[in-house]
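Written below as structure tokens is the structure these notes are about.
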Amino acid sequence: MSATNKSRLGQDRAVALTSKLPASFIASGSVTKCTNRHRSRKSTFQVFGNHILDMEVNADNRKLAPYFGAGFGSMIALVAFCVLSSACYSNTLDAGKILIGVGAILCPLLAITCTYGILSLIGSRVNSLLFVMPFLIMGIGIVYQECGPSITISSLTNVLAFAVGYLTPTPEVQLFCFGTAIAMALTYLFQLILFGPTLAIATEAEQRKSNDEEGPSKWRIQADRISRFVFRVHCNIVSREYIAVFILIATLFYWYYSFNGIFSMKTSLDSVKILPKDSLLHKPNSLLTNYVWKENLILTVFVNTHFNMTDRYLTTQFWDVLKELETLPHCKGPTSSYVWFRNFVNEYAKSEQDYPYEEVVDPSRLDTFFKNDRYHFDTSVKLKRLENETTIESFFITVAYTNVSTWDIRIELMTQWRDITAKYPDLNMTVFEPGGMFVDQMLSLRRVTIQTALLTLFSMTVVCAVFIGRPCSVATASASIASISIGVVGIMSKLSFELDPVVMIALLMTIGMSVDYIAHVAYHFQRDSRNELKNGISIQVALKSMAEKVEHTVLAVAWPMVQAALSTIFCVLPLTFVSVQHTSTFCSSHRNVFQTYSSSVFFTAIFLVVLFGLTHGLIILPAFLSRLPEWLSGNKCCNMKRISGGAEASSADTDSVDDSTTIE
């Protein structure tokens with residue numbers, strides 16, 4: 001806390017406010033309210049600290065509640081449109097469809113509510129990142145075609161992605177991933193115990209049509225033909241050799257651009273990013289960065305050993321350490337250091353040396369020195385008083401540095417400080433600097449992010465292997481998930497996002513969400529047959545060629561995939577309106593339109609994963625799969641039952657195609 005006092009009255013008010021600050025902040029819950037309450041024309045207070053920073057960010061993130069309502073409303077509208085339009089298209093519009101829409105909306109809403117309740121019951125706090133969690137839960141679309149595998153794959157991969165994130169060493173990331181993983185798991189549970197029975201109840205309201213009832217109307221038949229024609233043309237286009245070559249070249253360029261962004265991504269933990277644009281903490285943070293740390297960054301070195309001043313070997317090591325620390329770049333020099341031993345030796349020896357190696361001291365004069373010195377060195381030393389002598393059990397010194405204006409310089413200095421002190425184990429020294437915890441995170445963040453991302457990708461591969469089975473399809477799905485994740489992180493780097501815990505969470509979320517667009521394509525492509533309804537009987541029709549497999553896959557997943565993408569975008573779209581003064585997320589200087597940093601990261605990541613997921617699922621994967629040889633994508637690698645001839649099917653329906661099997 002810093003205070004500028006303009007009079008004696010201001011000083012008195014400063015003392016009064018200082019004593020009230022903890023209670024004031026707890027009561028007000030806001031820097032703005034507290035400082036306004038104690039505003040004075042005589043005094044200017046600037047308050048900053050980790051707890052205050054977290055409190056300010058939490059208070060600002062509570063403003064997301066109305067926007068969650070807007071996202072929830074847009075999702076209700078989208079669900080209603082999709083359910084009613086599909087029912088109208090298939091001529092099954094009835095009251096049960098309203099029940100289906102209500103069930104689809106209640107599942108994530110109940111999961112979000114229960115998650116906050118569970119966190120409260122176990123005594124866990126709700127940090128600023130958890131205020132973004134509802135947008136992720138509401139925004140994740142589920143492909144309900146082949147509902148068992150689809151919902152399970154999507155839910156399990158998302159739970160695993162955030163469960164892996166819980167293993168990271170950053171407490172704020174752990175808390176967010178823990179809460180989001182619970183919400184994902186509860187969403188899956190409610191889909192099974194609430195949405196499933198809702199579907200069963202809704203079927204009772206369906207209008208039963210007799211066998212002699214009129215068939216589908218002409219417009220429905222025409223619409224079905226048009227949609228199949230469009231998908232067939234799409235499959236034919238992406239299956240052409242020259243188109244596949246063009247897609248390959250574009251994909252290689254996409255990888256190059258993304259990897260270039262990843263390798264150039266900087267690691268940064270900056271308070272300016274996470275603070276609201278209108279927060280009063282910007283001013284004290286600016287003072288700390290541009291004046292306090294830039295002009296006078298204080299390093300504290302603790303010597304945690306019994307310091308025998310008559311031991312020449314030990315004192316020589318101490319002078320060596322001090323000399324190395326004070327000759328580093330950006331150091332102000334000996335005149336700005338706080339070193340009791342140097343003052344003691346020079347006073348006793350009547351010298352003015354910076355590093356008096358050869359001087360001999362008398363420990364019996366310690367008490368007199370600490371009693372008479374004007375720098376209060378006794379507060380930096382832990383003494384042990386015996387009957388005949390006073391010994392030094394431990395102490396600390398401080399060294400001042402200047403022009404430390406960037407985190408790169410602070411990281412470099414912290415590394416040098418630790419390397420220097422590590423060379424002298426006999427002194428058992430500990431280095432402390434107020435920003436050291438952030439330096440440690442930045443030093444380990446890249447390594448932790450890579451390890452966590454690889455572990456998450458491995459988990460996704462295992463899930464795909466369990467549900468898909470075929471090695472070729474599993475390898476294709478895993479490579480596509482990695483490609484989407486690489487693209488998201490690389491493009492975010494090009495948009496001037498820097499690697500921090502929030503971006504790391506976005507990467508884990510990206511890996512989990514990309515499965516929604518990839519695993520379903522791989523799952524449908526590895527099948528050797530498709531389901532078809534003939535005269536009320538479900539039959540399996542064999543898929544004989546690669547072209548048929550690709551066409552069947554696109555027909556099965558394209559529309560559900562688009563619905564999932566739309567539901568995701570519609571839910572997080574209101575986050576773009578949490579803005580104040582800047583113009584564009586994608587401008588070169590990247591001063592984004594978002595009031596909160598976390599909302600900007602998650603919206604950008606979700607938008608990119610939806611864009612790249614659709615591109616991979618509907619263009620890149622079909623083009624790649626259509627060029628695979630039959631023996632590689634066939635069923636020889638797995639022990640699965642082949643579809644036999646069409647004798648059984650023909651007994652049920654003489655008009656059914658050959659090579660089909662009736663499903664009882």
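Cβ coordinates are placed from backbone N, Cα and C, and glycine is handled just like the others.
Listed features, source TrEMBL:
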| type | residues | note |
| --- | --- | --- |
| DOMAIN | 140-201 | domain 'SSD' |
| TRANSMEM | 64-86 | transmembrane segment |
| TRANSMEM | 98-119 | transmembrane segment |
| TRANSMEM | 126-144 | transmembrane segment |
| TRANSMEM | 175-194 | transmembrane segment |
| TRANSMEM | 242-259 | transmembrane segment |
| TRANSMEM | 448-468 | transmembrane segment |
| TRANSMEM | 474-495 | transmembrane segment |
| TRANSMEM | 502-523 | transmembrane segment |
| TRANSMEM | 556-580 | transmembrane segment |
| TRANSMEM | 601-625 | transmembrane segment |
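Within its own chain, the transmembrane segment (64-86) has Cβ neighbours under 8 Å at 93, 97, 100-101, 104-105, 109, 131-132, 134-135, 138-139, 563, 566-567, 570-575, 577-578, 596, 599, counting only residues six or more beyond its boundaries. Residues belonging to the domain 'SSD' (140-201) score a mean pLDDT of 79 in the model. In terms of C-beta pairs under 8 Å, the stretch of 448-468, 474-495, 502-523, 556-580, 601-625 lying closest in packing to the transmembrane segment (242-259) is 474-495. Sequence-distant contacts of the transmembrane segment (448-468) (same chain, six or more residues past either end, CB-CB distance under 8 Å): 149, 152-153, 156-157, 160-161, 164-165, 167-170, 474, 477-478, 481-482, 485, 499, 504, 507-508, 511-512, 515, 519, 522-523, 526. Within its own chain, the transmembrane segment (601-625) has Cβ neighbours under 8 Å at 132, 135-136, 139, 234-235, 238-239, 243-244, 247-248, 251, 476, 480, 483-484, 487-488, 491-492, 495, 497, 502-503, 506-507, 509-510, 513-514, 516-518, 520-522, 525, 546, 549-550, 553-554, 557-558, 561-562, 565, 568-569, 572, 575-576, 585, 594, 633, counting only residues six or more beyond its boundaries.
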